[in-house]
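S.K.: The structure's right below; bear with me while I get my questions together.
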Amino acid sequence: MSLIASDHFRIVVGLGKSGMSLVRYLARRGLPFAVVDTRENPPELATLRAQYPQVEVRCGELDAEFLCSARELYVSPGLSLRTPALVQAAAKGVRISGDIDLFAREAKAPIVAITGSNAKSTVTTLVGEMAVAADKRVAVGGNLGTPALDLLADDIELYVLELSSFQLETCDRLNAEVATVLNVSEDHMDRYDGMADYHLAKHRIFRGARQVVVNRADALTRPLIADTVPCWSFGLNKPDFKAFGLIEEDGQKWLAFQFDKLLPVGELKIRGAHNYSNALAALALGHAVGLPFDAMLGALKAFSGLAHRCQWVRERQGVSYYDDSKATNVGAALAAIEGLGADIDGKLVLLAGGDGKGADFHDLREPVARFCRAVVLLGRDAGLIAQALGNAVPLVRVATLDEAVRQAAELAREGDAVLLSPACASLDMFKNFEERGRLFAKAVEELA
């Protein structure tokens, strides 16, 4: 028998990837439901009508009266819970839920739950690779790749989920085996009232967690939990008890656990301090669920990074080009600038700009002054970044990404690196951050 009673009506709100996974989940269980979407032609509409022609679909402005007729609304993460029709439904006593809440009710295997302003996808993928290396039947997804509900299966031994703050808003209690907030920096300020509001959403991941992993360098990642809950930590300093970190010996840095050296960072394919932090976070999470060190370290050595995350593109005339298009907020750009900037002999030429989502760019000024030779700006909020940077380094404004790459190539010197790390979303000029990254790589390849 399903955990959800089937005597009342449900509505799936939003017909993107997660919405379609909800449709499949409810249909498999024979539960009555309808689908609504604020868009006239949502991305999965044709698929829904072809596979589930019996399901009622309403597109366009949300009908509050219709939503109030349901016992439960499954809201997709792309829609704010402050949407007036949703607020009215909640006030009438309609339960507001989502795909992660349903997943948590059904999952039988332990869950590794990962959120954070940055590095979620890299750490999630790493933990998944570590589990595979340990011969675990693992399912990896959530905000990354496969929607969580599509992962559910009886033979799975471990779930590894990347979760966004939007997904966590509709999850009452995840009950993860181990949960982490990797880092917290300003993001999505166009949707939240401020950092405190955003921080609260992120920390919903810890509800019911049996173990937690925290970032020693970021106090905002540490939850208010009972002393009886095991707490592991990671950071770039020397580790102590129940901690992962870096040990330096004879001029060589090692990934380490407590007082034991594990692996020289020189054996990693991923570069930069931010990636060493990602590796340590993955080790902490894997260790918490019992993955053996030999399997985890083997997976780490084989991992070459994800596309558009500080990804090496090519070297030209002694200058390396890196695609960090996934850096859609200030915190991600800071991690790339500081991590890569400290790891090269020369300076960075930074390409930045786009849709800033209401962010404050002033935190970029100091690391840009320290690590960058120049900054090339483009996109809607280029002017805001220019104001924040002031006269820290030379600034160049351009209209297109092709022009940005050409200007960066002229500014860079041998030993430098050109880094696309926009600190902004891409939707003002591109379909998504992936397209921005692909077009950057294409422009780099086309340099004379």
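Cβ coordinates are placed from backbone N, Cα and C, and glycine is handled just like the others.
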S.K.: From the candidates G78, G93, G208, G235, give the one listed by Swiss-Prot for the same UDP-N-acetyl-alpha-D-muramoyl-L-alanine site as K17, S18, T38, R39, N143, H188.
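M.R.: Candidate listed by Swiss-Prot for the same site: G78.
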S.K.: Looking at Swiss-Prot, which one out of R82, R95, R309, R365 binds ADP in the same site as A119, K120, S121, T122, N278, D324, K326?
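M.R.: Candidate in the recorded ADP site: R309.
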S.K.: Please name which of the binding-site residues listed here, G116, K120, T122, is nearest in space to H188 (UDP-N-acetyl-alpha-D-muramoyl-L-alanine binding site), Cα against Cα.
M.R.: G116
S.K.: Between the Cα atoms of G116 (ATP binding site) and K17 (UDP-N-acetyl-alpha-D-muramoyl-L-alanine binding site), find the distance and write it as a whole number of Å.
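M.R.: Roughly 21 Å, rounded to the nearest whole number.
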S.K.: CB neighbours of G78 (UDP-N-acetyl-alpha-D-muramoyl-L-alanine binding site) within 10 A?
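M.R.: For G78 (UDP-N-acetyl-alpha-D-muramoyl-L-alanine binding site), the count of other Cβ atoms within 10 Å is 16.
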S.K.: Which ones are near S121 (ATP binding site): of the binding-site residues K17, S18, T38, N143, R309, D324, which have a Cα within 10 Å?
M.R.: N143, R309
